[in-house]
Amino acid sequence: MSTELIAHLQQELAQTREAGLFKSERVIATPQGAVVRTADGRELINLCANNYLGLSSHPRVVAAAHEALRTHGYGMSSVRFICGTQDLHKQLEARIAQFLGTEDAILYAAAFDANGGLFEPLLGEQDAIISDELNHASIIDGIRLCKAKRWRYKHNDMADLERCLREASESGARFKLVFTDGVFSMDGTVAQLDRIRALCDQHGALLGVDECHASGFMGATGRGTHEHRGLLMGGKSRVDIITGTLGKALGGASGGFTAGPREVVELLRQRSRPYLFSNTLMPAIAGASLAVLDLISESTALRDKLEVNTRWFRQAITEAGFEIKPGDHPIVPIMVYDAVKAQQLSARLLELGVYAVGFFFPVVPKGQARIRTQLSAAHEPEQLQRAVAAFRQAGLELGLVK
Ligand SMILES: *Cc1c(COP(=O)(O)O)cnc(C)c1O
């Protein structure tokens, strides 16, 4: 390989390190859970997984994966349209559609692929995509691959969304699609889907939502942000297109989906490149995901416990003297503002047995550094009490709280 390129890469890496932006990975030697042990033997209360419902290592989910492995094998060695579609995959697509209140659903290897392969097959030059400026990277990339004209509105700003809708209409766009994260992962902000739906209706636009941080627990029965915002009526979704992941609350392995009208899903099966040109989801994930949907459809106990844990933690960490981003989502950003302080706090928490990661520029705006904590139904009250005590101690030591 070219020595010039290697030298160039070494320089890039050194600059990333100097800027304090180098991401190192901590190695865990246990299954994902409320408590994890790192490879160097430390037991940590885990406040930074997307394991919202505690299903990542749930016995029923693991058993269903074993069973699917036994009955359907390890891998499909094929894409879906050649010889990669099993009954399990068809069942899972039907169950996801039923759970979300759409006509149909299509599976992908990841939500990144669902978003990456969504826009280009559906919309062309005559159309318009209007998106929130803070949408997830996979949505941004997916939109880049599509020839539709683009508008971006200021984050969560309904007046600016309306401006974009008006401009798109005046430009003579054939179809207009508004697309947003249901929940934004840096702040835990929940999109105002009811207001966005009303604006879309006024301007004749379709609405699409990425539900990665919502499916399984937002709303009274965990269907997602559409349920939370009153857009699930008689079990039918008033959001036109929903993308989501199996890699967060819904079991935490991997896999993604797009749910929506039958014709949308049908066309994606014909034309969506990550679907056509990438291997079928592992059968064990399909089998386990069916068990996840059974589990959370039988009872709301897990999402209810998550809600209780979230409410308790938000109040306790505030009483411990910290400032958090207000809201009711299990993403609880603890604001430190200063990037160095945020790193020091995260490092001290680790010593005190709490795993919580600092986020700073460029992941969040400059001067907005924070520790992002995430609650889980797997957390027990005693673990959360210990975590808050550790925050209090580290915060006092670092002069962050009084
Ligand atoms: C995590 C996430 C994704 C990617 O999900 P994967 O299934 O891991 O690819 C996409 N969109 C949003 C909003 C996410 O939070």
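Heads up, the Cβ atoms here are built off N, Cα and C, so glycines get one too.
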Select one of Ser185, Ser297, Ser299, Ser346: the residue that TrEMBL places in the pyridoxal 5'-phosphate site alongside Thr245, Leu246, Gly247, Lys248, Ser278, Asn279. Ser185
Can you name the residues of this chain that are 6 or more positions from Gly247 (pyridoxal 5'-phosphate binding site) yet have a C-beta less than 8 Å from its C-beta? Asn50, Ala110, Ala111, Cys212, Ala253, Ser254, Gly255, Gly256
Looking only at His136, Lys248, which of these binding-site residues has the biggest number of Cβ atoms within 10 Å around its Cβ? Lys248
Which listed residue (Ser185, Leu246, Ser278, Asn279, Arg372) has most other Cβ within 10 Å, given these are binding-site residues: Leu246
Cα within 10 Å of His136 (substrate binding site): which of the binding-site residues Ser185, Thr245, Lys248 qualify? Ser185
What whole-number Å value do you get for the CA-CA distance of Thr245 (pyridoxal 5'-phosphate binding site) and Arg372 (substrate binding site)? 20
Filtering His136, Ser185, Thr245, Gly247, Ser278 (binding-site residues) by proximity to ligand 1: which pass a Cβ cutoff of under 6 Å to any of its atoms? His136, Ser185, Thr245, Gly247
If you measure C-alpha to C-alpha, which of Ser185, Leu246, Ser278 (binding-site residues) come within 10 angstroms of Arg372 (substrate binding site)? Ser185
